Amino acid sequence: SSTPDEERSRAGSPGSRGGSSLSSSTTPDYGEKRLPQALIIGVKKGGTRALLEAIRAHPDVRAVGTEPHFFDRNYEKGLEWYRNVMPKTLEGQITMEKTPSYFVTNEAPRRIHSMAKDTKLIVVVRNPVTRAISDYTQTLSKKPEIPTFEVLAFKNRTLGLIDASWSAIRIGIYALHLENWLQYFPLSQILFVSGERLITDPAGEMAKVQDFLGLKRIVTEKHFYFNKTKGFPCLKKPEDSSAPRCLGKSKGRTHPKIDPDVIHRLRKFYKPFNVMFYQMTGQDFQWEQEESDK
């Protein structure tokens, strides 16, 4: 289900060397492929694609369009394979990739640490209740026959027992996953981006990302405009093109109506984990506050 943009960015990957004479005339053959110095490691349905597209508008960043899934699914292929997937960079440019499932993969922190212990990690987090519903919505669009959200969310509906083993719910227990990363990386090497603020204040969140990566603040307000139909910001001047760049059709899907009682129970379930996450990161994402306003 990759977009034409992703297909184009894939043109630099190892599987497409066949037509190199053609591609070399359009893409100058300079720089070299390097292992990434920064990774967007999570979370699924948090806003990682939006973040990747925005940071790719920076001239000093080169990123893979597709998710390489190296540290979870392709690790046995080795670092040379991984390096080959990367785009070529010039001196001073940062190589990046995003694979949101790394955040919940037990082996990922150790594997990334053994590649380079100074790797910078970016995690886009969003209210775990909305994230779970968005995750379910994505699955539903591919498999319309799956049970309702309510059925999947509970081990026992009468007792109100949440099924924390269902991945849509498990991913949102951020504190649990973060613990795993903190065994290998100091907090100073991990940036937490608010998925909510990425929509309401994209330039503000991008300023933090650029500072964290040690980049000049080039991606600013003037790069974004708000798309009323989609309900989130779009990039005006993306990498390599003058046309405005909005996220694809698969983004901004309408969520199914979920029973308010289920939402309430999920909020209660997540609250202690959210509070723990705020304490661990030293950042309050205000997910509780936001709920009580409604």
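Quick reminder: no glycine exception, Cβ is built from N, Cα and C everywhere.
For 1-31, the entry in TrEMBL reads region 'Disordered'. Annotation source TrEMBL lists compositional bias 'Low complexity' at 11-25. Per TrEMBL, domain 'Sulfotransferase' is recorded for 36-271. Per TrEMBL, active site, for sulfotransferase activity is recorded for LYS45. Taken from TrEMBL, the feature 3'-phosphoadenylyl sulfate binding site applies to LYS45, GLY46, GLY47, THR48, ARG49, ARG126, SER134, LYS251, GLY252, ARG253, THR254, HIS255. The disulfide bond annotation in TrEMBL covers CYS234-CYS246.
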Fewest Cβ neighbours within 10 Å, where candidates are the binding-site residues SER134, THR254 = THR254
Remark   = Its Cβ having more other Cβ atoms within 10 Å than any other among the recorded positions LYS45, ARG49, the winner is LYS45
Request  = Quick one: give me the count of other CB atoms within 10 A of the CB of GLY252 (3'-phosphoadenylyl sulfate binding site).
outcome  = 14
Note = Confidence over the domain 'Sulfotransferase' (36-271), expressed as mean pLDDT on the 0 to 100 scale, is 93
Query = Should any of the recorded positions LYS45, CYS234, CYS246 have a Cα within 10 Å of the Cα of SER134 (3'-phosphoadenylyl sulfate binding site), which are they?
reply = LYS45
Ask   = At the Cα level, what's the spacing in Å between THR254 (3'-phosphoadenylyl sulfate binding site) and CYS246 (disulfide bond), rounded?
value = 17
Query = From the Cα of CYS246 (disulfide bond) across to the Cα of ARG49 (3'-phosphoadenylyl sulfate binding site), what is the distance in angstrom?
reply = 11
